[in-house]
Structure formats: structure tokens, C-alpha cells
Amino acid sequence: MNFDTISHSHYCSHATFKWCGLTIGIIVARYNWPITGALLALGYQELLDLGVAVENIHVVHVPGSYELAPIAQAMLTHDIYDALICIGCVMKGETRHDVIVGDSAAQGIQRVALDTGVPIILGVLCAENQQQAKERIPRGQEFAQAAVEVACTSRLLRQKR
């Protein structure tokens, strides 16, 4: 297979999203809910706008960002997801807890993606404060766009084998 022939404009157009029947899972942390809930709302709406059917968007809530990776792994034991989006928000505090949680979440999510071969979007904001996190809420749309793009690309690459 010549990977040079796979281009975003050819294989992952918005028209492709409408018919390819993607199933996307979203795992969202309740911790810092004003931020994560807004990220979820924007991401969910963007998935709908991109043509993902409402019945093919599955949302699971977890306590915090640290729990995203194990739940992603559990969701991927069922061979139904084309991609996952993990949404969380970790803010700097007086201790290093934010660094530990942010790093652990990122590494765990990446490991699950590599172990399963299913794309997982890292939608965990690591912010200095509430204002910085609020300014990054529009990223929810970007998380959805990235999930659809990599899901379509991954599916097409598997079909080309």
C-alpha cells in the first residue's frame, strides 16, 4: 500500500463522514464539570454536525481524568467503536497532583490506543486556572473533528490491506 496516496481531502471529506456509519465513544470526567460538560456539549454537537448518527454516539461519565484510560480500555473490549474521545480537565493547584494526574491520563490513554489499535483523542485540558480552561472550551469541537478524521482514516487503512 502506498500511504502517499491517502490524502485528507480524498478519503476524509465531510461527505465520507455522512455515509461511513462511525460509532464514537465519549468518556467524560465529572471533575471540573463546568469545563468538561461544555467540552462534551460542543463535541457532541460537532459529531452530529459531521453526520455521526445520534445512536452511534455513546457517552460514559467517570469521576475524574485519572479514570479515563481504564474505562476506555473496558469500552474497547467490545469491537464496536471506531474512535473514542476522552474529555477531562486538570487544573494546577498548590501541589504536583495536577502533573501526576495529567501525565498519567495522557500516558494511559495513549497506551490503550496503541494496545487496541483504536484511535483515542486526548481531550484532557491541563490548565493553570479556571480562566485558561474556559478559553479552551472551543477545543471540544476540535476533539470531535479529530475523532471523525482518524476513525475514517483508520477504517480506510484497514480496508486497503
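Placement of Cβ uses the backbone N, Cα and C atoms for every residue, glycine included.
Computed from a predicted structure; not experimentally measured.
The following features are taken from TrEMBL:
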type	residues	note
ACT_SITE	His97	active site, proton donor
BINDING	Tyr31, Ser65, Tyr66, Glu67, Cys89, Val90, Met91, Leu122	5-amino-6-(D-ribitylamino)uracil binding site
BINDING	Glu94, Thr95, Arg136	(2S)-2-hydroxy-3-oxobutyl phosphate binding site
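When every Cα pair among Glu94, Thr95, Arg136 is compared, the largest distance found for this (2S)-2-hydroxy-3-oxobutyl phosphate site is 23 Å. Here His97 (active site, proton donor) is positioned 11 angstrom away from Tyr66 (5-amino-6-(D-ribitylamino)uracil binding site), judged by their C-alpha atoms. Around Ser65 (5-amino-6-(D-ribitylamino)uracil binding site), a 10 Å sphere centred on its CB holds 30 further CB atoms from the protein chains shown.
Put simply, Met91 is the one of the recorded positions Glu67, Met91, His97 whose Cα lies nearest to the Cα of Arg136 ((2S)-2-hydroxy-3-oxobutyl phosphate binding site).
Highest local Cβ density among the binding-site residues Glu67, Glu94 belongs to Glu67, counted as other Cβ atoms within 10 Å over all protein chains shown.
Packing around His97 (active site, proton donor) is summarised by its Cβ count: 12 other Cβ atoms lie within 10 angstroms of its Cβ, all protein chains included. Within the same chain, residues at least six positions away from Val90 (5-amino-6-(D-ribitylamino)uracil binding site) with a Cβ under 8 Å of its Cβ are Asn32, Ser65, Asp98, Val101, Gly102, Ala105, Val124, Leu125, Cys126, Ala127. The 5-amino-6-(D-ribitylamino)uracil-binding residues named in the record, Tyr31, Ser65, Tyr66, Glu67, Cys89, Val90, Met91, Leu122, extend over a maximum Cα to Cα distance of 16 Å. Nearest by CA distance to Glu67 (5-amino-6-(D-ribitylamino)uracil binding site), out of the recorded positions Glu94, Thr95, His97, is His97. Reduced to three states, the DSSP call for Ser65 (5-amino-6-(D-ribitylamino)uracil binding site) is helix.
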